[in-house]
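Working notes, structure below.
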Amino acid sequence: MEKHQYRDLQLIGQGSFGSVFRAQDVESSKIVALKVVDLDATKDQIETLTQEINFLIDLNSVHITKYYASFVDGFRLWITMEYCDGGSCLDLLKLSGTFSERVIAEVMRQVLEALVYLHGQGKMHRDIKAANILTMKDGLVKLADFGVSGQLESLRDKNDDFVGTPFWMAPEVVKQTGYNYKADIWSLGITAYELATGEPPYSGIHPMKVLLLIPKHSPPSLERSKFSRAFCDFVSNCLKKNPKDRATAEYLSKHKFIKKYCPNTSVKEVVASYAKWKESELLPEATPYNSTMGNSANTIDEVVWDFGTVRR
């Protein structure tokens with residue numbers, strides 16, 4: 001397999017360590033997503049990229065982006081993945097700034113299905129946020145970008161690696177005291193907060209300072225005057241400082257907040273509205289492959305502290 005098997009490459013965003021393109025497989029005519037990584041620019045991160053590829057091979061859930069193949073061309077690693085045609089939840093937030101509780105509940109329901117599967121397999125995501133939750137035009141929601149995901153060993157209940165994105169990190173991850181799958185639950189709660197308010201807690205503060213605040217302060221909470229009791233309780237169940245006190249994905253999937261609204265067609269409706277909005281706004285077309293790859297190393301450097309909804 002080589003890059004010539006793909007045509008019509010259009011830059012659609014930035015992923016872990018590199019650029020992400022929409023492309024068409026010449027043989028199957030299938031539209032795919034290509035993550036292209038400049039190995040010269042990421043020599044110290046190749047091990048993590050290899051981990052991502054091996055991790056994705058084993059996954060089999062409708063709510064997790066599918067992995068197809070990978071190959072090296074020159075100094076670039078190409079990873080072929082499922083293309084999600086609805087955009088990320090971060091993209092969809094551009095339409096209205098926030099999601100209604102009905103939409104949030106449906107997103108959470110589907111992400112929780114992915115987490116029930118992952119955690120049941122002894123695996124975790126470790127970087128859940130709106131930018132890593134992708135959608136399809138039919139309303140399907142999928143977890144993506146497992147660049148920092150890891151597999152929990154059967155006889156080991158914690159991990160000391162410092163991974164994730166600062167604003168969404170659980171206290172125990174920041175403190176590096178060891179963590180397990182409950183770190184995903186914290187990130188899920190922060191993501192629910194992000195979808196409801198348009199940005200994660202501490203968004204106006206420099207990421208390095210946030211790393212000091214997360215373990216020091218009480219868990220974030222939603223304003224009860226603005227949100228339903230059920231939603232506030234759902235988020236509260238996710239954002240317990242002690243991981244042992246946090247709910248499991250299985251428990252949260254049956255929470256009254258989820259049962260109140262789900263299942264529903266709200267995600268499909270938002271995706272359709274977003275597509276119409278993009279068309280009416282005449283947003284710039286995706287950037288062709290040839291005009292972007294020449295400075296891919298610079299592109300990677302420029303997005304080091306780009307955390308999506310965080311405003312500067």
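Residue numbering: from 1, along the chain as shown.
Backbone N, Cα and C atoms are what each Cβ position is placed from, and that goes for glycine too.
What Swiss-Prot says about this protein:
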type     : residues                                                             : note
ACT_SITE : ASP127                                                               : active site, proton acceptor
BINDING  : ILE12, GLY13, GLN14, GLY15, SER16, PHE17, GLY18, SER19, VAL20, LYS35 : ATP binding site
DOMAIN   : 6-258                                                                : domain 'Protein kinase'
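Mean pLDDT for the domain 'Protein kinase' (6-258) in this predicted model: 88. Annotation note: GLN14 (ATP binding site) sits in a strand segment as assigned by DSSP.
Look at VAL20 (ATP binding site): DSSP puts it in a strand. Rounded to a whole number, the distance between the Cα atoms of the residue listed as 'active site, proton acceptor' and GLN14 (ATP binding site) is 15 Å. Across the fold, the C-alpha of VAL20 (ATP binding site) and the C-alpha of ASP127 (active site, proton acceptor) stand 17 Å from each other. Within the set of recorded positions (GLN14, VAL20, ASP127), the lowest number of other Cβ atoms found within 10 Å of a Cβ is recorded at GLN14.
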